[in-house]
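Listed features, source TrEMBL:
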type     : residues : note
COMPBIAS : 1-13     : compositional bias 'Basic and acidic residues'
DOMAIN   : 49-84    : domain 'EF-hand'
DOMAIN   : 85-120   : domain 'EF-hand'
REGION   : 1-21     : region 'Disordered'
Amino acid sequence: MPSTKVDHTDKQGGKSWGKLKQDQEEALGIINEEIVKNGDYSSYEDLEERLSSYKDKFIEYDLDNSGDLDVKDVSYMMEKLGQPKNHLEVKKMIAEVDTNHSGTINYNEFIEMMLGKKNSVLKIILMFEEKKKGKEQPTGVPPKKNLADLP
């Protein structure tokens, strides 16, 4: 497993963990800007919004802040999405996406998986999860209705 910059002996490490996550978010933001500048995925009209969404997902599931999604991270992701997978299935999913044969999914591979032409099992599951969320339900007091509003 890749090394992290986290001191696991520090029981009050919340501040340093927050700093690491902030640094990771900034680094991924820079990568997103480069992707937009390159124009590789210019066919997507809402590219910046999608990249921001993918960045948030990647940060959420990168549990050890290593910059890669390893077997443990992808297993956690699948459990959170309600699609638990065994160790071999997770390794197969990672191998499907892993272009540099490191055994993990880095951010560039994650973006390639989500925006690229090739369909992987992980991409399909993540896309269905987005669609399952649907639209947000309105909150608060419902508007008053009168007889003219009835069908």
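Numbers run from 1 along the shown chain.
For all residues, glycine too, the Cβ spot is worked out from N, Cα and C.
The DSSP breakdown of the domain 'EF-hand' (49-84), given as helix, strand and coil counts, is 23 helix, 2 strand, 11 coil.
Here the domain 'EF-hand' (49-84) has Cβ contacts under 8 Å with residues 1-6, 17, 20-21, 24-25, 27-29, 32, 35-36, 90-91, 93-94, 102-107, 110-111, 114-115, 122, 125-126, 129 of the same chain, all six or more residues outside its ends. Residue counts of the domain 'EF-hand' (85-120) by helix, strand and coil are 20 helix, 2 strand, 14 coil (DSSP-based).
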